[in-house]
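Asker: Got these off TrEMBL a minute ago, pasting:
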| type | residues | note |
| --- | --- | --- |
| DOMAIN | 12-304 | domain 'UvrD-like helicase ATP-binding' |
| BINDING | Ala33, Gly34, Pro35, Gly36, Ser37, Gly38, Lys39, Thr40 | ATP binding site |
| DOMAIN | 305-596 | domain 'UvrD-like helicase C-terminal' |
Amino acid sequence: MSEDPLCSYLDSLNPAQLQAVEHPPSIPLQILAGPGSGKTKVLTSRIVHLIVRHGISASSICAVTFTNKAANEMRERLMKILGKQRVSEVRMGTFHALCAMFLRKYAHTVGLERNFSICDTDESKKIIGKHLEKYKEQLATQNMTLKPESVLSTISKAKAKGHTAEQHLIEVSKKFKDLPVGAEESFMVANITAEIYEDYEKTLRQTNALDFDDLLVFGLKMFKAHEDAVSWCKHVLVDEFQDTNITQYDLMRTIGYRQCVTIVGDPDQSIYGWRSAEVENLAKMQTHFPGTAQIFLEQNYRSTGSILRASSALIAQDDKRIRKSLYTSHPLGKSPFLKLFPTETEEAAFMALEIKRLVALTGGMLQWGDFAVLLRFNALSRVVESALQKEGIPSRVLRGHKFFERLEVKDLLAYLQLTDNPEFTPAFIRVVNTPSRGIGEKSLLELISTAEKCRISPMLLAERIFDGKTPDIKPPVKRKIGTFVKIIRSLRESAEKRSLPADLIRLCIDLIDYSEHLKKTHDDWESRYENVLELISFAADVGDDISSIHDEDDRNRETPLRLFLQSSMLSTEGDNESANDAESRVTIATCHAAKGLEWPVVMIPSVEDDTFPFYRAEDREEERRLLYVACTRAQGLLYLSHVSRRKVAGDKKTRTRSPFISQVTNLYRVESGPNLDIFTEDEPDIAREDRTVLSQVLQRPAPDEEVVDQRVAELFVLSCRAGLY
């Protein structure tokens, strides 16, 4: 085997992977990749192959991933083979990042300004909340309420289908054309939502802003309208294709107009229907891209044979799925554990004690970070967190605030957003009085109202006031506003000189004395200031990325500040996770958040009816796929549990085992090999041979048996002291 990565990148591929990598680039390709089948390796190798063997320039390749984290992982792998310079030329990132990048360049073609701001979910809800005010009385007459998040969800689904506000209103009218008895309230809510959609869009345009869905909608419009925006692309690759919505599919089809397309997906892992994902896009591609080939990746490199067998039996109950026969060269290992507990308290206590027992029985080969507790929904985490805390086991909850959603981070970003785009009213409202400048609520409302009457943004009005162009303003208000305007203008002057984002944040912190503000307003100011320092570090990294952009036009066209703001607003969940934090703590996460991740040991509680499938879920088979995704995160050991009675909304309710599991246990018995059921109620007794299996699967050295004996003895002593024996 050659040591030169450019000569050896094909060497470790299995036959199916090799076939996918070497598939002719001019023939559309669907790679249907089961969990743990090495799809990232295949995608990476195919990009290398397109460049090295087919002579396609790196700058002509578009690689779309579901998260920034996935893009970064692929980028790092590619750099080991192709080098940093070449890899920097590949257009790689999420659909949102790709659209944002080209919209900056071709904004004028779709009626946008290049310095548009990206409005996050929190800001969108505030805008919608304001527009909801005028419908309060109408809703109150029917004893109804309408939440901003509900309206935003409907708008987002409409945009995912490519429906404008006008088209959505037409759809609502069609749906309720022959109004059935009892549907009056539903029609009123749908009609109000459609009207708010129109108002919401007007507000976004007035503030020179796009929400996340708009990036795709306007991006698609721009790619279709401007040939130069797509002519560069000679091959497009899309990961997690089963999770694309209608607009994203149309983006792929538009960018891949040459028919040179490679997608990777797995319909068995389609779990985002509630986000408007369309698993049917796989079938649509066969129609729109004639001659599309399919290659199956069926060898699993992640899990033991018994985990793969149980997972396959679970998903096989969906008789409409595309059939795949997953297999692994790993040993069979322990059968997945399936146990009934009286209540959720006993269930959680068992998980905590079992984690400690497994750490001891593996002689420390397994550490806290090797365990994950995967939940159908966040509310189930409370009792699990409590049980782990009681046993002194450190844990982290992936549902926690994303880094860029933290108050102190959003404050500083708002200053920078306003510096770049003075039209962006949400940023003005957030920071005009942060830190406090004594601008009262009444004065602020008058300022916003006056700005609306003048048809300018509040920031531009504030600057007019400061410049003496709006004379009928009280001196105290003018003085307070003036302090704020000076700060924004100082930041703007520095930004126009192309100051690096990290330097701008430091300047902002100094200008507003932000550390002192945190001390006065928050008891936990020190940890919050650590987040500020982390933001500076992130900004410094983005600054390094900007300097490495291969296209000088791209580098010079946008200010470093604008590129930094784009990176921060498009950050996806997990981008700022600390590797050390993950390694030293048990992970508690939803099954959705666990997608694409893996752990040596996975525990899934509440495998019950009304949880799997979730009682409010519209798609039963998607719920089965979600449980399948959760099970296939496990490498060495898998635990599933359910209870007889669970507290729901304060009341103890009788629970029954998930029908998905019951179908498997009723219909499937092992036909050959060891005489084992697919699941077992016996706690795994981790003997020497089991530790050997785990070491093989995890590719870690097996522990010394004396260390195991010592760890087990220590656990026994601690358990005796705690009265457990």
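Each residue, glycine too, has its Cβ placed from N, Cα and C.
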Asker: Do you know the mean pLDDT across the domain 'UvrD-like helicase ATP-binding' (12-304)?
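Answerer: Mean pLDDT across the domain 'UvrD-like helicase ATP-binding' (12-304) comes out at 93.
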Asker: Specify the count of other C-beta atoms within 10 Å of the C-beta of Gly38 (ATP binding site).
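Answerer: So the Cβ neighbour count for Gly38 (ATP binding site) comes to 22.
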Asker: Other than Ala33, Gly34, Pro35, Gly36, Ser37, Gly38, Lys39, Thr40 themselves, what residues in this chain have Cβ atoms within 8 Å of the centroid of the ATP site's Cβ atoms?
Answerer: Val42, Asp266, Leu297, Asn300, Tyr301, Arg302
Asker: In the structure shown, which of the binding-site residues Gly34, Pro35, Gly36 has the fewest Cβ neighbours within 10 Å?
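Answerer: Looking at the binding-site residues Gly34, Pro35, Gly36, the Cβ with the fewest others within 10 Å is that of Gly36.
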Asker: On the three-state reduction of DSSP, what should I expect for Gly36 (ATP binding site)?
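Answerer: Coil, per DSSP.
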Asker: Return the residues near Ala33 (ATP binding site), defined as same-chain residues 6+ apart in sequence whose C-beta is under 8 angstroms from its C-beta, sorted by sequence, else 'none'.
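Answerer: Listed in sequence order, they are Lys39, Val42, Val264, Gly265, Asp266, Phe296, Leu297.
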Asker: Which one, from the binding-site residues Ser37, Thr40, has the smallest tally of other C-beta atoms lying within 10 Å of its C-beta?
Answerer: Thr40
Asker: Could you tally the C-beta atoms, other than its own, that fall within 10 angstroms of the C-beta of Lys39 (ATP binding site)?
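Answerer: Summing over all protein chains shown, Lys39 (ATP binding site) has 22 other Cβ atoms within 10 Å.
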